[in-house]
Amino acid sequence: MVKICCIGAGYVGGATMAVIALKCPSIEVAVVDISVSRITAWNSDQLPIYEPGLDEVVKQRRGKNLFFSTDVEKHVAEADIVFVSVNTPTKTQGLGAGKAADLTYWESAARMIADVSKSDKIVVEKSTVPVKTAEAIEKILTHNSKGIKYQILSNPEFLAEGTAMEDLFKPDRVLIGGRETPDGHRAIKALKDVYAYWVPEDRIITTNLWSAELSKLAANAFLAQRISSVNAMSALCEATGADVSQVSHAVGKDTRIGPKFLNASVGFGGSCFQKDILNLVYICQCNGLPEVADYWKQVIKINDYQKNRFVNRVVSSMFNTVSGKKIAILGFAFKKDTGDTRETPAMDVCKGLLGDKANVSIYDPQVTEDQIQRDLSMNKFDWHHPVHLRPPSPTSVKQVSVVWDAYEATKDAHGLCILTEWDEFKTLDYQRIYNNMQKPAFVFDGRNIVNVEKLREIGYIVYSIGKPLDPWLKDMPAVA
Ligand code: NAI
């Protein structure tokens, strides 16, 4: 029986391994982590992450051919294939701080593999890593090899949170990069055989190691670039009276462009886009390509500009101050169908409003109060952030309340901001909400999900990103 071990029981490790266990009943899969609480949660009824469809798959395979354990060394020693899916955040200190990927977790995983291995292994990079990481990993492994042979493969993950299970069941492509040697080809084939249980062969792409590593960074950069492109357009739409949804629709009809990822919003978030682009920028700089670095940096600058613009819209519409006013925040996760708040635009918007001394009341169906409070008091690395987006003082976090109901959050509020596109926000009783808000009542829709006309009929002053401006807002420019 082939044995797989995955180091890192996070969003990627947990979900991908659950699907491998489901689709390959003859393979034994162990997911290991140094975090005891994470592993305890994976072994309980309350999984550590929310992802539609994940619970059922875990319940079906757990204890059969899917195991979650903190005994990292035992499972690594026994495995034929070791996936490494540990976190690779942006460095916060030292050389490359604020840009380069922090490979501390990766390096310690590689050293541990070298320490405990007693048989040949295929080591698979599942984490998103800088191009050429495999070379460094290879050095760590081979310098400590005790005669054991390692083959390093790059198999970046393209799943998106919120649709992870669908993405894993029917991936657009599976990418496997390896060494162009006979041993490298054998390793690629072994991993290909795993995916071949359920992925059609023409969707499994094999490349050299560096192409696979770089393709993941490139894919995230292209995706984020589309969002920044449409968000840049949204500012111009507001200035000219064009409607960004109509522009996106018209542009997306071109088959060379396509309709996906063209929704204007308050900005992109999530654990990957920003960190991967920063990492790409850093790699370009290190390779003497400042023009290329600046090109990609702009994608992040526009994202920051969009969040900043949104905050300025809120403040300028409400007589240039939100001090002492209650602002309801609907949605804190970085997108719908996930409880993940890493780099969520809601964090920056809330910090901006708190910086202007607003009282913020937050409701998100999947994010806990503890998580929100931690996010709002956390220090983020400081890269081209305008002053009001910098972390507020600890006292201002007291201006935050977290509630478990949209109606409670909006009661007596002066304004409400929609920051995550949860389906339930489309069908709220906006008349009831209006009746219980202070007047004039403002809606700032950061995801373009409300029916603007209907809300205006009720009496709201409505701001919707990239849409023709409410007469109230026309003389109140919100450029940062
Ligand atoms: P995560 O933070 O949810 O999980 C990583 C896990 O690794 C944590 O539970 C941590 O305790 C564990 N870990 C760290 N060092 C360890 C060690 N030495 N031994 C054992 N366990 C260790 O991260 P997530 O979101 O699963 O991401 C993992 C990687 O996948 C990152 O490189 C990310 O960029 C990439 N990725 C993430 C996607 C996402 O949507 N979250 C999508 C595609 C790629």
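Glycine residues also receive a Cβ, built from the backbone N, Cα and C atoms like all the rest.
Over in TrEMBL, the protein carries these features:
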- 8-13, Asp33, Arg38, 86-90, 127-128, Glu161, 272-275, Arg342: NAD(+) binding site (BINDING)
- Cys272: active site, nucleophile (ACT_SITE)
- 328-452: domain 'UDP-glucose/GDP-mannose dehydrogenase C-terminal' (DOMAIN)
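Feature map: annotations from TrEMBL on the structure.
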residue	record	Cβ contacts under 8 Å, 6 or more apart
Gly8	NAD(+) binding site	Val31, Asp33, Phe83, Val84, Ser85, Val86, Asn87, Tyr105, Ala109, Lys126, Ser127
Tyr11	NAD(+) binding site	Ile49, Glu51, Glu161, Ala164, Ser271, Asp340
Cys272	active site, nucleophile	Thr128, Asn220
Gln274	NAD(+) binding site	Thr90, Ala224, Phe268, Ile300, Asn303, Glu343
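Other Cβ atoms within 10 Å of the Cβ of Asp33 (NAD(+) binding site) number 23 in total over all chains. Helix, strand and coil counts under DSSP for the domain 'UDP-glucose/GDP-mannose dehydrogenase C-terminal' (328-452) come to 45 helix, 19 strand, 61 coil. The number of other Cβ atoms within 10 Å of the Cβ belonging to Thr90 (NAD(+) binding site), over all protein chains shown, comes to 21.
In the predicted model, the domain 'UDP-glucose/GDP-mannose dehydrogenase C-terminal' (328-452) shows an average pLDDT of 89. Ligand 1 lies within reach of Asn87 from the binding-site residues Asn87, Thr90, Gln274, judged by a C-beta closer than 6 angstroms to any of its atoms.
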